[in-house]
Every structure is written in C-alpha cells, then in structure tokens.
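Everything below concerns the one structure shown next.
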Amino acid sequence: MASFLQPSNQPNESGPTAAMKSSGFQTSLEVETISKNAINDSAKSTPGVFLTWNDLWVTIPNRKHGGKPILQGLTGYAQPGDLLAIMGPSGCGKSTLLDALAGRLGSNARQAGEILINGRKHALAYGTSAYVTQDDTLVTTLTVREAVFYSAQLQLPDSMSMAEKMERAAMTIREMGLQDAMNTRIGGWGDKGLSGGQKRRVSICIEILTHPKLLFLDEPTSGLDSAASYHVMRGIARLDHKDGIRRTVIASIHQPSSEVFRLFSNLCLLSSGKPVYFGPASAANEFFALNSLPCPPLQNPSDHFLNTINKDFEKDLEQGSDDVIPTEEVIDTLVKSYISSEYWQQVQVKVAEIRKEDFEALESRNHAGFLTQSLVLTKRSFLNMFRNLGYYWLRLVIYVGMGYGLASIYHDLGSSYGSIQARGSLLMFVSTFLTFMAIGGFPSFVEEMKVFERERLNGHYGATSFVIGNTFSATPFLLLISLIPGAIAYYVSGLHKGYEHFLYFASTLFACLFLVESMMMAVASIVPNFLMGIITGAGIQGLMVLGVGFF
C-alpha cells in the first residue's frame, strides 16, 4: 500500500509551507479577506447553511481502555453551494462524522468539541436538513410516482394544495432524472423493479421534497457500478444551486471514480479518525506531492489517496517487499504535515470567519398535520398490504385450505357427548393456527419498521401517526381472514347454526388475530432481525397458548 519514497526531512523554508507559498499559495491575510467576502456574498444572495466543527472528538466507552476514539480532533466547514466529500478507508470514521454533524450519534457515543450551524449552537430545524441513509429503505410495492407523492403529502404543509404537492413531487422526480421510471415499481426480494442507482435517486428525491438547505448523504454510491455512481453523484452535485437555493451538501463516499472525484468542491480525508487532509479537492494532489507521495500519471487520485492511507493490508504488502514504508508511519507523516500546513491554517481562518458572521436563525418549517399524516399513512400502508402477496393474501389462501381440511375432519359433529371434546379441539386448532401463522408476515413487518425508522428520524411523521395508519390499513384484511376461513370451518363442521353465535366466533378470531399482529409489530420494532424475531414471536405465542385453558 505504502510503496513510496520516505519523505525527506528538509528545513522549514523548503518544506510544504514554503513550496505552497512559492507556487502562488494564498497567505492567511488573503484567505481571510477572500473568505469574508465569500461569506458575505452567500449570506446576501441566499440564506444558506454554514456548518462548522472545531476540535471534534467522538469516543465509544470501553471497559478495558476507558474509551475508544473514533474521531480525533477534526476541524472543518461546509458552506452553501459546495459539495464536501468525506473520504477514507473502511472504518475510518466517515459515517460517524456524518452522524455527528447531523446530530444522529448513538446514545453510547461520547462527543466533544464544537459544532455550529450558521455560527450558532442549536439543533437542526425540520425542513432545514435532510439525511439520506446508506441503505435504500423504501416501500418496494410502490411506483416511483407513488413513493414520492405519498412522501410529499406527509412532509409538505397543509397550506399547500394537492396540485402544488403533486407538482413539487413531479419536479423533484425530473430533477433526479427518473421521469422515465415514474410508473415502475421500486421492487425488492423476488420482484424486479428499479436498478440500484435508480433506487438511490428515489431516496434522494424523497428527502429533498422540502427543499432542505443542508443535505447529508451516507455512501450514496455504495453497491453501484461506476456509471450509476456518476449519474447519482452528478444529480447530487446539481442540487447545490437548484430551486434558487444554495444547498450545503455533505457526502461520505468510499472510493469514487475520477469523474465523480472532479464533482467535489472540498475534500475531507480521514484515516483511523485522524485528519489527513481538508481543503479543495483539486489541491489534494499537490498536498500529497509535497509530502513525496505524488499521484502516478493516469491513476485515479482517489485510488491513490486511499491506497496510501489504508493500513488494513499492510502486513501482506510488507512481506512482499523489503523497501515498503509502514503505512502507519506514512499516515503519521501526512497528519503532522497537514496540521503544520497552510491548508490547516486556511480551515482555521475560514471557521473563525464563519463564527464571526451574524446569520439569521434557522426557522422550522411546517409539515402536514396529524390527521393528514394518519390518513396518508393509512392509504399507503393499505396499498402496500394489498400488493404484497406475502403480507396477507398467501396467508388467506392457506387459511382457506386449512378451513376445508378441518371441515373434512370434523364434518357434521352432531350433538353427542363425544362431540364436546371434538368441538373443543376444533375451536382450539382454528384459533391457534390462525394466530401462529401471523409469524409469516414478520419479514414484511421488519421492512415496514425500517421505512418507519428512516422517516421518523428525518421528521416526516411521528410514531402515533404510524400506529394509527398501520392499524386501520390492516383491519380490513384481518376481518377478511377471520370471516372467510372461519365461516368454512364453522358451518361445514356443523357448529351452532345461529347467526349470533357465528358472529361471536368470528369476532373472537378477529380479536386473537389483532392481538397477535400487534404483538408481532412490537417484536419487529425491538428485534429487527428475521430469525430472532420469528423465534421470539413464536416463543411468546407459545406461552400465551398455555393459558387459554385447553391444557
């Protein structure tokens, strides 16, 4: 990885600082003047978002060592109209930095340092920022048009008309180049739909509906080929000046192609949580060259940077070559060189200038009302359940088959003394089988909970609206499952012919199904793992069966 020449120990006059000055590099006074003018121009033209962080540390508690540092003393900024790329090897802290800046760190992480939004210390308001996660957690049964339009109804305020919301959704779809796939279903397991790049653009569409001024993207090109990655990143790069808004875009990215790399305005390069470089992406080559680590001709700069600071395969490389410098030593050299360079001084000056400016406070935007959100979630969830065969339809077919099977076994029970035990067995089996089969819908529950978690964290709606929407949308299917198989098993087996008795029987089945469905949703929210969730749900149901009186 680090098969490069050892950086020479030269006097300060001939080191990186002097080389940068001799090549026309700006002095601190010039940088201060230019930065101040740029900030003033941005503040006057559009009310964008300036994000700064100074001496940022993030540690994870560790019993043996007290705490494991994930980020170590990072300082940087992001400004309107720029695309900041956070790069580094796997496990270097890219996603952690993104989560820290977005206020999404886990409860077990300890954060130190200063993060300011427009020079102030306050939380991001709704509608001001958006976060696109690494995984495309979408409702797979919806088309692109439906997914974006339902999201527009959830996020945009009630003061906007339905026509305005539809136009906003259509315009956002066109911005991301998805107009040709508007009527294509997103697709998932066993259901062919959109490509990986198209799904990523749908995720971005959903999050930019409110025209946020600050956009976070975690690995937007993960799992995509070079062509799809370029189309996604080109769409993201165009967002920084869309809709008359100068957006601040921050994206963590692993290993971009040379075409994608040229789209970046600034680059934050990390290694093991340490700052290797922060500055203009176009100047990163110069920084590495000044440290005797030039990028070879015709090689992708991002590949060169990551190969230089990636120590995961250092042992293998050292065994194959005797003149290889340990990667840890190369990283330490780059970190020390950066901290003593004009690049670092530029960042300090820019952060200080942004802190001095008097920006307007960010105001929270309105979103749809509680009733609107509940109604929209009910419609969206019902459509998802209706189209997803594994949610209820497959279970209904199995239940009908089970009903006919029981009817053939317990046909015309009669009213003898021996039929009493047979009736008890029949009722016990029907209720137990119907409730146990609710486990079959657990994978769908888990996928729905993932969508809910993403949308809840981004402030689209709350838990109450989700529960109400899911409950009302599931009720018709549960009634159908209770009535049709229940009627087959009830009348063919010769149970009491009275209408009131059957209604009581079906109501009991519905109550059992409703209870178990609610329990499985609760399990899916606590144990978001297919195998563990199914085992947990089955175990709870088994304990519940013990108390019904049959045994």
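Along the chain as shown, the residues are counted starting at 1.
Using N, Cα and C of the backbone, Cβ positions are placed for all residues, glycine too.
Not measured: the values here are computed from a predicted model.
Looking at the stretches 1-23, 24-46, 185-207, the one that TrEMBL records under the feature region 'Disordered' is 1-23. Same-chain residues lying 6+ beyond the ends of the transmembrane segment (466-490) with a Cβ under 8 Å from its Cβ atoms: 373-382, 385, 391-392, 395-396, 399-400, 402-404, 406-407, 426, 430, 434, 448, 452, 456, 502, 505-507, 509-510, 513-514, 517-518, 521. Proximity of distant same-chain residues to the transmembrane segment (392-413), defined by a Cβ-Cβ separation under 8 Å and at least 6 residues beyond the stretch ends, is recorded for 385, 419, 422-423, 426, 429-430, 433-434, 437-438, 440-441, 477, 480-481, 484-489, 492-495.
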